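Visitor: Below is a structure I'd like to ask you about.
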Amino acid sequence: MHIQEAIFVTSSATYKKCPPADKAEIAFIGRSNVGKSSLVNMILGQKKLAKTSARPGKTQLINHFLVNQKYYLVDLPGYGWAQASKTQRIGWNKMVNQYLLYRENLACLFVLLDIRLPPQKIDLLFINFLIDNDIPFAIVLTKADKISKQQVVNQLATFKRTLAPSTKESLNYVVTSSKNQAGKIEALNCIGQIVAGYQQPRLTALNREL
């Protein structure tokens, strides 16, 4: 998939204030400082469209970017930032959880994990939450430039082995590095397949409650 145009649309404090749910959305999430906004910029081909920072917790709202006038990429707040106040964490958790549970045009959630680290408890709990609520997701491993090629192979195998028992079907994995553009084509191809296969809004937790 070739990106011809990508524009920032809006930042929202709640899923109810997000743009109309008339296009497929691919959202990005991960622990704070996993390289989420940098990855969004790499995929979009723009260095500063999504705001990045060495300080965790920079993204605090639901940020929508319209791509090729056809679909949205969404930069979500990261989770697991210990330095955030309890009130901040509660607010972010509520905002993100409601978006994931109720946003009917969420076609796929890209869960970003640092490839240098073994699967973390907070990530595994989050992935189980996605599975329990039938939220479609794929795994994106970041910062692959920080380790050797053999370590990348070994870590990828570790993630697949760890996550396999929890998932009902095989997951899509993409190995990336925002620094050297590794995995950009693979990520774009994955997004292209998701957008091409998007047909109708998914059944959300809100739909089930009605």
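Glycine is no exception: its Cβ is also placed from the backbone N, Cα and C atoms.
So Swiss-Prot lists these for the protein:
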| type | residues | note |
| --- | --- | --- |
| DOMAIN | 22-197 | domain 'EngB-type G' |
| BINDING | 30-37, 57-61, 75-78, 142-145, 174-178 | GTP binding site |
| BINDING | Ser37, Thr59 | Mg(2+) binding site |
Visitor: In whole Å, note down how far the CA of Ser37 (Mg(2+) binding site) lies from the CA of Gly78 (GTP binding site).
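Guide: Gly78 (GTP binding site) and Ser37 (Mg(2+) binding site) have their Cα atoms 10 Å apart.
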Visitor: A 10 Å Cβ contact count, applied to the binding-site residues Gly30, Gly78: which residue has the minimum?
Guide: Gly30
Visitor: Using a 10 Å radius around each Cβ and counting other Cβ atoms from all shown chains, which of the binding-site residues Val34, Leu61 yields the largest count?
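Guide: Highest number of other Cβ atoms within 10 Å: Val34.
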Visitor: Under a three-state reduction of DSSP output, how is Asp145 (GTP binding site) classified: helix, strand, or coil?
Guide: helix
Visitor: Sorted by position, what residues of the same chain at least six away from Asp145 (GTP binding site) have a C-beta under 8 A from it?
Guide: Ser177, Lys179, Asn180, Ala182
Visitor: Ser37 (Mg(2+) binding site) has how many other Cβ neighbours within 10 Å of its own Cβ?
Guide: 21
Visitor: What's the number of neighbouring CB atoms sitting within 10 A of the CB on Ser177 (GTP binding site)?
Guide: 22
